[in-house]
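Per TrEMBL, the features are as follows:
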TRANSMEM  118-136  transmembrane segment
TRANSMEM  171-193  transmembrane segment
TRANSMEM  205-223  transmembrane segment
TRANSMEM  238-258  transmembrane segment
TRANSMEM  270-291  transmembrane segment
TRANSMEM  402-419  transmembrane segment
TRANSMEM  425-448  transmembrane segment
TRANSMEM  455-483  transmembrane segment
DOMAIN    511-631  domain 'STAS'
Amino acid sequence: MHNSGSTMQSHVVDITTEVPEVPEVPEAHPVAPPPKQSTLQRLKIWIKETFFSDDPLRQFRGQPLQRKLILGAQYVFPILEWAPKYNLKLLKSDLISGITIASLAIPQGISYAKLANLPPILGLYSSFVPPLVYVVLGSSKDLGVGPVSIASLVMGSMLQDEVSPIEDPDLFLKLALTSTFFAGLFQAALGILRLGFIIDFLSKAILLGFMAGSAVIVSLQQLKSLLGIKHFTKKMAIIPWSWQTIVMGISFLVILLLARQVSIKKPKLFWISAGAPLVCVIISTILAFAIKAQHHGISIIGKLPKGVNPASTDKLIFNGSHLGLVIKTGFITGILSLTEGIAVGRTFAALRNYKVDGNKEMMAIGLMNVVGCTTSCYITTGSFSRSAVNNSAGAKTAMSNVIMSLAVLVTLLFLMPLFHYTPNVILGAIIITAVIGLIDIPAAYLLWKIDKFDFLVMLVAFFGVIFISVQYGLAMAVGLSILKVLLQITRPKTVMLGRIPGTDIYRDLYHYKEAARVPGFLILRIEAPINFANITYLHERILRWIEEVEENLMKDFSLQFVVLEMSAVSTVDSSGVSLFKDLNTALEHKGLALVNPLAEVLVKLKKADEGHKKIREDYLFVTVGEAVASLSSTLKAPTVGEEVQETVVE
């Protein structure tokens, strides 16, 4: 009996000495209920934050009617904001940059039209009308508008799957113009309805892989013209090679690549790479004319019609068996070109410290394509290469697009005969030079270091485009990215928190090795919204935390409180509310405390807890420290009798 008493006394001492020391904190602050709001008020706030996060109407507040009308006109037509302040000094800068990008736009326009399997003249048409529309509606000072390689490739490849541009060029042209109409319609609608977040599904990883894969496809396609191959066959020996074309193609390709490298290493010499395509076109055209290139196996562009853009409203088709094709092509090319245009605009706006309105850009790009398809233009957007040259040349306003457009107009009216002898091989060399810049190996390596899953998405886009098709490769990569988001939603991160010694700070036990678990408490942080998609996982995961903690408990205190830190839980749906009811039921005699539930979450939990049995006011806390300090006084240590009984059994 004496021994038993000694044992009893020993356990009592141990228990007393191991009571967790909790820093003294002021009296716990009550969790204040949010201000009451009607359903209409909550709906209004939700719509504003979802679709009008930039609050475009804030500039009108407190302004007289006349000022409001002026601001409204400037909002719809940004040209009205800068045009009244335009002067000769600005014109001088825009004139130089406009002529510079025109020297790049003319050969690029012809080349990209051929990439889309369209008549070369359409590339020049598309560099004349759309820039004029953009100047009135666009908000970027640097964006150079015109055809781009990616959209040209995608449109050409998608339409070619059903209609041959060689056997039925007239129908192919009609489908291209109609696809441009639907692309513009989608783009403008996204801007008007403020649904620009849709383009965010094209992540950087997707675009990296997609552009690199497209660059490979484009380069392989251009080998046909670069090597003078008239058609591909399985028996390479009978392919009609043209050594003259090969020599000319490789020579000019080397010149263009060298010019590009010079401008990359010395940005001040940007004009070298900007002017190189036009210089090469001029030299190759003169050379082709001098040697009668068509008699030496070197194909030339041939006659191009003079004159401004002819009307093409009669070429738009909105019925028939190809309607689904043009809608699909318009949607995909519209999203791609919109993504490129906005990304380029925002990039250069950040460099020059001004803002680009994404929704205005969507409407501007969309409307210029709607107008463009009625004036023999195919899909256009903001071009990275033109914008880079525009910025480097010192453009001050969007007027540089007008200068470029006027230069193209002069070309259309007076200079078209000069392009008759331009070799097709030079166009292939220009395209290859342009798309090589789309393969960004350093960015891919950085992606590998940062996020392996994103690197996998990039590879899927890259190989999907090369080995399957452009649209399916893109769709597979988008699907994989959405799967990643779904996994993050359905498997939200939950971490166990511990107290950093000597402080009232609680951090992830896995991250902060010095943090220690508080005996008697299981403190968890949920780092995601709670909804129907993840409540089962969260319920199972939290119960597993509880089981693991109870299996490894110290012999001082049993688990008595589960504390959920909810600062990162931005919202909870009707299904998510049931998680807390289920946890309360599963915890039986343990307490469930909630820390810092946000306003929306707190309102829904209280509405669901009509009897006030599950969500107790005294179990709601502002900080984890206050929760531990308040609840520690109610911790129940094992009784002496229970310890003696355990000792006797052992």
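Using the three backbone atoms N, Cα and C, a Cβ is placed for every residue, glycine included.
In terms of DSSP secondary structure, the domain 'STAS' (511-631) contains 52 helix, 21 strand, 48 coil.
Annotation: stretch 402-419 has the most Cβ pairs under 8 Å to the transmembrane segment (118-136), among 171-193, 205-223, 402-419, 425-448. Between the transmembrane segment (238-258) and the stretches 171-193, 205-223, 425-448, it is 425-448 that has the most C-beta pairs under 8 angstroms.
Touching of the transmembrane segment (205-223) and the transmembrane segment (171-193) is ruled out by the presence of fewer than three CB pairs under 8 A, sequence neighbours closer than 6 excluded. Confidence over the domain 'STAS' (511-631), given as mean pLDDT on the 0 to 100 scale, stands at 86.
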